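A short worksheet on the structure shown next.
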Amino acid sequence: MQLVLASSSPRRKQLLRMLGLPFDILVSDVDESFDDNLSPSEIVQQLAHKKAYAVWQQVSDACVIGADTIVVCEGDVLGKPASEQDAFRMLKRLSGKTHEVWTGVAICTTNTCVTFAEKTDVTFWPLSDEDIWAYIATKEPLDKAGAYGIQQRGALFVQKIDGDYFSVVGLPIAKLARELKKFGFCPFR
Ligand SMILES: Cc1cn([C@H]2C[C@H](O)[C@@H](COP(=O)(O)OP(=O)(O)OP(=O)(O)O)O2)c(=O)[nH]c1=O
């Protein structure tokens, strides 16, 4: 069966490559709004499912993977910043605190759709306004949930992490590999 990644994220593509399995990339535009009453775990699984299912409908006989990542700080969901000012507001909130990064994954095949969510706690050092603006000037925050990339310069803000690093980057690859085995996809083979 063909393996398909339903994502435009270069990070997810790179992480899925770790499995050593061939896959295609197909992306479908989905509405990423969500119901405020849902828990973070439900939000990311629902959005991951939307992304995977939209692509699965186009290809049918394939195993389609979708994912979604959000940052949750003091109960508030932070997606991607809408502007540089918004990025500043988000990073200012994350400064000196521990926040949660949630990534949901959906695997859709002919008979079933499986979803799961991973939570990673990330603690930031206190950040000065100057540091935040200098970081925003690199443009790195703009396409990332919570306005930072732990895999790039955002690493300099991180004091501590508890959970799966790769889930913060956008795909909990070890958990995904274990799930894919159930569908007959064995890494490195
Ligand atoms: C917190 C954090 C997020 N991110 C990224 C992961 C996701 O790509 C992005 C969150 O947006 P998503 O909507 O999850 O994903 P996306 O729009 O980039 O890609 P697609 O929907 O096509 O799969 O933030 C990092 O790269 N590093 C980090 O440290």
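Cβ from N, Cα, C; glycine included.
Feature annotations, courtesy of TrEMBL:
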- R11: site 'Important for substrate specificity' (SITE)
- D68: active site, proton acceptor (ACT_SITE)
- T69: site 'Important for substrate specificity' (SITE)
- Q151: site 'Important for substrate specificity' (SITE)
Counting Cβ atoms within 10 Å of each Cβ, the densest environment among the recorded sites T69, Q151 belongs to T69
Among the recorded positions listed as D68, T69, Q151, the Cα nearest the Cα of R11 (site 'Important for substrate specificity') belongs to Q151
Within 10 A of the CB of R11 (site 'Important for substrate specificity'), the number of other CB atoms across every chain shown is 19
Rounded Cα distance in angstrom between T69 (site 'Important for substrate specificity') and Q151 (site 'Important for substrate specificity') is 14
Within the same chain, the residues at least 6 apart in sequence whose Cβ is under 8 angstroms from that of D68 (active site, proton acceptor) are E32, I43, V44, L47, A48, K51, T103, G104
